[in-house]
Amino acid sequence: MLERSQEPVSLRRPIKFAMARKLGLIAVLLAVTSIYEAVAIFHPISESHRSAALELFSPAAGSFSSLEEAYEALITFEVLGLKKPEIKDHTCNSVVDTLSSPSLNSKDLHHAFRVNGLLKCKISTGDLTGIVSRLKDAAKDATTLLDYYHSIGGLVLIKDQNPEVDVFLGNADGILRSIKALSQSDGRWRYSSNNPESSTYAAGLALETLSGVISLSASPVDENLIGTLNKDIVKLFDSIKKYDDGAYYFDDKLIDASGHQGPLSATSAVVRGLTTFASASGSLNIPEEKILGLARFLLGIGIPGTSKDLYYQIDALSCLENNRVSVPLVLSLPATVLSLTSKDKLKVKVNTVLGSAGPPLSVKLMQVFSSGSKDASVLKQELNYDPKEGIHTMDALPEGVDVGEYIFAFEIVLSDPEHKKIYATGGRTKVPIHVTGVVTVDNAKIALLEGDVLESEIKLDLPGKNDVAVSANHLQKLHLSFLLKTPLGKPFKPHQVLLKLRHETGVEHIFVVGNSGKRFEMTLDFLGLVDKFYYLSGQYNIELSVGDAVMENSFLQALGYIELDLPKAPEKSTHPPPQPTDPYLRYGPKAEINHIFRVPEKRPPQQLSFTFLALVFVPFLAFLIGLLRLGVNLKNFPTSAVPATFAILFHGGIAAVLLLYVFFWWKLDLFTTLKALGVLGIFLMFVGHSTLSHLASTSAKIKSA
């Protein structure tokens with residue numbers, strides 16, 4: 001993709017060219033296409049714009065954040081033929097509240113009437129009378145261009161929505177001259193007399209405002225003033241910029257309170273102002289080339305990424321669709337890649353910028369330019385029109401058109417001569433066409449040479465299955481040759497013809513196969529390549545890749561292998577480069593590790609183990625029997641509640657330590673056991689100290705008594 005950018009970034013205008021990729025088996029071949037100056041394809045508004053509008057203009061919680069945003073969404077939906085969102089009740093309430101508020105300025109009133117023109121809210125004629133008076137006073141006292149724009153715009157909308165209300169201006173000439181005083185010598189306008197900077201965007205607003213004043217004038221406007229304004233428009237178009245593909249646009253670098261205005265907003269404002277001024281004044285002389293160029297710019301930006309830019313684009317295209325100057329017609333092709341194999345037909349569509357059907361007309365193919373040649377064949381062949389599909393078709397491509405890249409020059413001929421005053425066709429339209437087909441490979445051979453003497457030769461089937469197996473040393477040569485022919489039998493030179501030799505260690509060597517006349521051939525002299533081959537003897541797999549954008553049977557073909565016997569590498573020779581590690585092998589799953597454990601030692605019989613366990617418990621049983629026979633002395637055990645509790649906890653802690661030893665022998669590790677033993681030790685120290693202190697105190701009292 002090639003991008004041509006113009007500030008802001010959202011206005012980048014991509015030009016897409018066909019990049020064909022066809023593979024024989026497993027390879028992807030890059031296709032490089034030629035770019036011709038002043039050649040581009042423009043398409044009318046499509047379903048993609050409608051999908052973008054539904055996504056970008058999505059009301060939050062059933063409403064838009066402002067009346068201005070609501071208007072931009074509603075007018076965009078209306079132009080694109082989309083169903084309007086269910087926001088009428090909430091939005092109409094906002095409109096009524098705005099119009100009934102005496103404190104709001106002319107800008108808020110202007111946006112309210114714009115929305116009302118689309119939703120048809122219920123507004124009484126009595127309320128409009130007071131609003132008209134406020135707007136007239138605002139127009140009379142205005143000092144900035146934006147004040148004039150909103151006040152005059154509001155009056156124009158009231159006139160369109162309710163003709164019964166008197167909105168005509170008695171001092172229209174004075175207002176016109178006040179607005180004209182803000183103009184500059186280059187056709188641009190200032191926002192106010194205090195701001196010396198001029199703006200193209202402001203020029204569009206000024207033209208729209210002037211057209212509103214003309215339509216609201218109670219008496220005919222001075223024709224000399226209209227003529228002066230027409231001259232200002234001509235000066236404004238002198239500053240218009242142009243792309244190589246014939247697209248015209250206005251740019252604006254002024255940054256002020258209204259924000260940065262880029263090419264899209266500036267062009268949209270001028271288009272709206274130009275078309276409304278032409279409707280009000282009734283005369284405007286703008287070359288159709290520039291009108292069509294403005295349409296190309298607006299269509300060439302594709303689908304904008306913001307709702308504001310989409311509104312600018314759709315609004316400007318709607319103005320061009322319904323203007324009184326010249327309605328541009330867009331010639332587009334559903335497909336610019338045609339296959340000779342499938343006998344594709346050349347199809348051409350002619351529509352307005354919004355995709356509507358054009359007037360009765362015919363399309364002629366005037367010239368065909370071939371790739372890399374300035375010569376063109378003159379045809380003047382008229383295409384057949386299918387009224388059901390609305391498409392002009394050519395059943396067969398012109399004679400002599402083979403696989404390759406061409407420029408087709410079309411011309412739109414209007415059936416009614418009177419339509420030339422209404423529609424802009426733009427003369428000849430050049431479109432890049434890529435004609436694809438199957439390229440045949442003839443007389444393909446691979447040979448082994450000793451000097452200039454042929455030792456062996458093998459014929460190849462390309463593309464197809466081959467199994468070449470040859471052996472060679474450094475004194476021999478490998479020779480490859482073949483012919484490429486187009487479907488019309490002409491020699492064909494693809495973008496890419498590569499021969500690759502891959503050593504069994506992974507080292508690859510790629511050679512570009514050149515052509516001499518009609519034949520592609522290459523000779524590998526191994527004596528001169530031993531250093532490049534790093535003196536690596538062994539087996540080399542041979543692959544041939546042939547690819548082109550217009551070649552339907554591009555292929556990457558394995559031819560077989562060659563066993564090379566090269567001399568030993570000198571001490572100071574270049575070593576092969578390290579081969580890249582396969583990411584799958586590096587980061588993928590590792591091989592399973594199988595551990596070999598030590599064979600367990602032989603253990604004694606189970607009966608002997610249980611017997612030894614029983615003997616271990618014999619001393620403990622003897623201890624218990626001794627306690628029973630001798631008796632247990634519990635006279636010193638505390639009887640009061642608190643000392644008794646500490647004594648019980650002390651003995652329980654000792655039992656817990658003994659139980660911990662059992663668990664250590666059974667399942668616990670040493671570190672866990674030590675942690676638990678530390679906690680129990682602190683506990684035993686506390687309760688044991690309390691118990692022993694009580695016993696010592698009791699013993700001291702008995703002795704003193």
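Cβ coordinates come from backbone N, Cα and C, glycine included.
Across the domain 'Ribophorin II N-terminal' (45-321), the model assigns an average pLDDT of 89. What TrEMBL lists as domain 'Ribophorin II N-terminal' is 45-321.
If you look up TrEMBL, you'll see 329-435 marked as domain 'Ribophorin II second'.
With DSSP classes pooled into helix, strand and coil, the tally for the domain 'Ribophorin II third' (443-564) is 3 helix, 76 strand, 43 coil. The domain 'Ribophorin II third' feature in TrEMBL is assigned to 443-564.
Per-class residue totals from DSSP over the domain 'Ribophorin II C-terminal' (597-697), listed helix then strand then coil: 79 helix, 0 strand, 22 coil. Sequence annotations record features per position, and here TrEMBL assigns domain 'Ribophorin II C-terminal' to 597-697.
The feature transmembrane segment is assigned by TrEMBL to 608-632 (among others).
Tertiary neighbourhood of the transmembrane segment (644-664): same-chain residues 637-638, 670, 673, 676-677, 680, 683-684, 687-688, 690-691, 694, selected by CB-CB distance under 8 Å and a gap of 6+ residues from either end. As annotated by TrEMBL, transmembrane segment applies to 644-664 (among others).
Annotation source TrEMBL lists transmembrane segment at 676-696 (among others).
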Within-chain partners of the transmembrane segment (608-632) [C-beta distance under 8 Å, separation at least 6 from its ends]: none
Counts by DSSP class (helix H/G/I, strand E/B, coil) across the domain 'Ribophorin II second' (329-435): 5 helix, 60 strand, 42 coil
